[in-house]
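Before any comments, here is the structure.
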Amino acid sequence: MDKNELVQKAKLAEQAERYDDMAACMKSVTEQGAELSNEERNLLSVAYKNVVGARRSSWRVVSSIEQKTEGAEKKQQMAREYREKIETELRDICNDVLSLLEKFLIPNRSQPESKVFYLKMKGDYYRYLAEVAAGDDKKGIVDQSQQAYQEAFEISKKEMQPTHPIRLGLALNFSVFYYEILNSPEKACSLAKTAFDEAIAELDTLSEESYKDSTLIMQLLRDNLTLWTSDTQGDEAEAGEGGEN
């Protein structure tokens, strides 16, 4: 199937909410080796975000059930085995994406915006791996995530307006990384607040086409700040849950 047909099929799969099919199409497009257009890049991102998101959600539910079944050995064993099955799927998906990033996407990009987008993606998928990692593996995975986010963050500060949705989405996810993975609420709040304040100060630079995406992510940053600075702690919002790239 040629590239245009694969892209069309990916769009069809998205409308049908068949994200595994959508991801398979965009994986094939990526493996053809050409640099992806913005539209193709977003299709790839949306597909895998949904594919991995379903497993992350399942993993949280089953982990919670596993913890609650202490004392009921058979039930706990069943929950543990099921969690491990979901973990295997989740790891395979993350490794798939990380392989595409390393082999094709990061080397083939020509614009700083694309580099930030793909390095953010690399940080995200190592973060998802870190959520389910344990023991000796975890530190290396966490380091990989932090390095990718940090590199993306440095480039975004040099090359992008504070209101750019990719720069804002990166700040959002990097702050979630500090809060959830590194257990550093002060650093998470500082990063999120700085990103929000810098964007507010330059609202007049917002382009019409990115207005909706940027303001949505700013709202998510503010929601997280409210959550993190209050006594109640729930699930943090994350870029992509609403309408980020």
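Any Cβ shown, glycine's included, is placed from N, Cα and C.
Just so it is clear, the model here is predicted, and its values are computed rather than measured.
Swiss-Prot has this to say about the protein:
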MOD_RES   Met1  N-acetylmethionine
MOD_RES   Lys3  N6-acetyllysine
MOD_RES   Ser58  phosphoserine
MOD_RES   Lys68  N6-acetyllysine
MOD_RES   Ser184  phosphoserine
MOD_RES   Ser207  phosphoserine
MOD_RES   Ser210  phosphoserine
MOD_RES   Thr232  phosphothreonine
SITE      Arg56  site 'Interaction with phosphoserine on interacting protein'
SITE      Arg127  site 'Interaction with phosphoserine on interacting protein'
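Structure coloured by features recorded in Swiss-Prot.
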residue: Met1; record: N-acetylmethionine; DSSP (3 states): coil
residue: Arg56; record: site 'Interaction with phosphoserine on interacting protein'; DSSP (3 states): helix
residue: Lys68; record: N6-acetyllysine; DSSP (3 states): helix
residue: Arg127; record: site 'Interaction with phosphoserine on interacting protein'; DSSP (3 states): helix
residue: Ser184; record: phosphoserine; DSSP (3 states): coil
residue: Ser207; record: phosphoserine; DSSP (3 states): coil
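Checking Cα-Cα distances from Ser210 (phosphoserine) against the recorded positions (Arg56, Arg127, Ser184) with a 10 Å cut-off leaves nothing; none qualify.
When the recorded positions Arg56, Ser184, Ser207 are screened for a Cα within 10 A of the Cα of Lys3 (N6-acetyllysine), none qualifies. Annotated pair Arg127 (site 'Interaction with phosphoserine on interacting protein') and the residue listed as 'N-acetylmethionine', C-alpha to C-alpha distance, rounded: 33 Å. Here the C-alpha separation of Ser184 (phosphoserine) and Arg56 (site 'Interaction with phosphoserine on interacting protein') works out to 22 Å.
Taking the recorded positions Lys3, Arg56 in turn, the residue surrounded by the fewest other Cβ atoms inside 10 Å of its Cβ turns out to be Lys3. Sequence-distant neighbours of Ser58 (phosphoserine) (same chain, 6+ residues apart, CB-CB distance under 8 A): Ile86. Comparing C-alpha positions, Ser207 (phosphoserine) sits nearest to Arg56 among the recorded positions Met1, Arg56, Lys68. For the modified residues shown (Ser207, Ser210), fewest C-beta neighbours within 10 angstroms: Ser207. Distance between Cα atoms for the residue listed as 'N-acetylmethionine' and Arg56 (site 'Interaction with phosphoserine on interacting protein'): 31 Å, as a whole number. When the Cα atoms are compared, Arg56 (site 'Interaction with phosphoserine on interacting protein') and Lys68 (N6-acetyllysine) turn out to be 19 Å apart.
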